[in-house]
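Structure first, commentary second.
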């Protein structure tokens, strides 16, 4: 046993100091620098933000965009068409996420990240220039198909950190993602239709009068262009040893385990993890966490679509009669509250409670919170503003806390060489569920607006009841025997 241990360590020593391998350089950096890699995590934060901003930035103005396309026959049908535009991005991503994960595992994380930022720059701008319904659907579908950033970044974040900091890394991913999903709509809400809101700045003959939804898309594209330049300095983390890959590619966690004299069984498990991506489908801890994650993401995406439609819709349909600027203000405050919680509180809470407990508590509180939403529409003035802002902040904090916990379970269920493919599978499944979210949310919202006088759960009461049903299903699935942890 001692001879085998020494041989493994000697082989690991050669791997760590292989000068031509970028993954080995990162492993050596983790050995010499045992602190938090703040610079690399900052790169992770802004790149994930770049990927998240376009996803939901359209929701505050999508109602008006569909109205301007003149494709809906009545006001109640706008939500139906809005759901298809909202789903196109996720449907495209569902088709290609596994492919991007496999490419990231084969050629590296960095090429996929750079290509994804280029896709955001080009296709998000084209979406802002859309003049009809089908152009909007097509550009959103292509953007989802070609932007494969999130899966590789989730693998990347876990690879640049020592194991004790992986909860922080996943928290940063979730924070950036969550902030993007609320700041994106804030940008869309504030900057859509600028010629109407700011006539002194944008004259009637400006390009923003002809394309009233271009400005928020253009701003996000310019930010993505800057992120693309920053990503050029992003260090690669994938081990690249050519023909000798199997000889040298030993996971960093295995080496640490050997140095700390962990059990022989754990070493054999790490050494025996060289499987094809198909073997991931037999990894129940991974698959179970992905399924639970997908259910919660279906709920979150449907909520994102419904919240904006509900806030903008008139009082007669049970809405808040907000403007796009009002929705932008609510979501901007939500993003700020989310940032404070995830950076200051989540890592400590995760260490005390664990990711599964956080997901369960978050789901319970979310169900209670959403049950109160239909009654908010009966309020007015400053009380309405305070309660809607507070509810939105709390809802987003709960949603991202659930997501972060499931991120951790997924990354701990596989070794480094499988993380890209594992995250690709997770993203494909999640994107499929998220594609159903806006379409189902828009359809349900459109249907609910036509049943304001129903005796059972009229109007928006039915909408938020159905959202709670999905959340309750996700909550039940976090319990054994369904959800298995990596060490079960």
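Every residue, even glycine, has its Cβ placed from backbone N, Cα and C.
Note that TrEMBL annotation is computational and uncurated.
Not measured: the values here are computed from a predicted model.
Among the features that TrEMBL reports, domain 'Major facilitator superfamily (MFS) profile' is placed at 40-486.
Annotated transmembrane segment per TrEMBL: 40-66 (among others), in sequence order. Within its own chain, the transmembrane segment (40-66) is flanked in space by residues 72, 78-79, 81-82, 85-86, 89, 113, 116-117, 120, 124, 127, 130, 133, 136, 140, 143, 147, 149-150, 153, 156-157, 160-161, 168-169, 172-173, 175-189, 192-193, 212-213, 216-217, 220, 223-224, 227, 230-231, 233-235, 304-305, 307-309, 312-313, 324, 327-328, 331, which lie at least six positions past its ends and keep a Cβ under 8 Å from the stretch.
For 78-100 (among others), the entry in TrEMBL reads transmembrane segment.
For 112-135 (among others), the entry in TrEMBL reads transmembrane segment.
Marked as transmembrane segment by TrEMBL: 141-157 (among others).
What TrEMBL lists as transmembrane segment is 169-193 (among others).
Within the chain, the transmembrane segment (213-234) has long-range Cβ neighbours (under 8 A, six or more residues past its boundaries) at 43, 46-47, 49-50, 53-54, 57-58, 61, 65, 110, 113-114, 117-118, 120-122, 124-125, 127-130, 184, 187-188, 190-194, 207. Here TrEMBL flags 213-234 (among others) as transmembrane segment.
Sequence annotations record features per position, and here TrEMBL assigns transmembrane segment to 290-312 (among others).
Packing against the transmembrane segment (327-345) from elsewhere in the chain are residues 60, 171-172, 174-175, 178-179, 182-183, 185-190, 308, 311-312, 388-389, 392-393, 395-397, 400-401, 404: each is 6 or more residues past its ends and has a CB under 8 Å from a CB in it. Per TrEMBL, the feature transmembrane segment maps to 327-345 (among others).
Marked as transmembrane segment by TrEMBL: 357-376 (among others).
The transmembrane segment annotation in TrEMBL covers 382-409 (among others). Proximity of distant same-chain residues to the transmembrane segment (382-409), defined by a Cβ-Cβ separation under 8 Å and at least 6 residues beyond the stretch ends, is recorded for 154, 166-167, 170-171, 173-175, 177-178, 181-182, 285, 289, 292-293, 296-297, 300, 303, 307, 311, 320, 329-331, 333-335, 337-338, 341-342, 346, 349-350, 354-356, 358-359, 362-363, 365-366, 369-370, 372-373, 376, 474, 483, 485-486.
Taken from TrEMBL, the feature transmembrane segment covers 421-448 (among others).
Per TrEMBL, transmembrane segment is recorded for 460-479 (among others).
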Worksheet, complete the sentence: In the same chain, residues at least 6 away from the ends of the transmembrane segment (460-479) whose Cβ sits under 8 Å of its Cβ atoms read 291-292, 295-296, 298-299, 302-303, 306, 310, 317-319, 356, 359-360, 363-364, 366-367, 370-371, 373-374, 377, 402, 444-445, 448, 451, 454
Worksheet item: For the transmembrane segment (421-448) against the transmembrane segment (141-157), do we get 3 or more Cβ-Cβ pairs below 8 Å once near-sequence pairs (under 6 apart) are dropped?
Response: yes
Worksheet item: Can you name the far-off residues of the same chain, 6+ from the ends of the transmembrane segment (141-157), with a Cβ under 8 Å from a Cβ of it?
Response: 41, 44, 47-48, 50-52, 54, 88-97, 99-101, 103-104, 109, 112-113, 115-117, 119-120, 123-124, 127, 166, 169-170, 172-173, 177, 237, 407, 410-411, 416, 419-420, 422-424, 426-427, 431
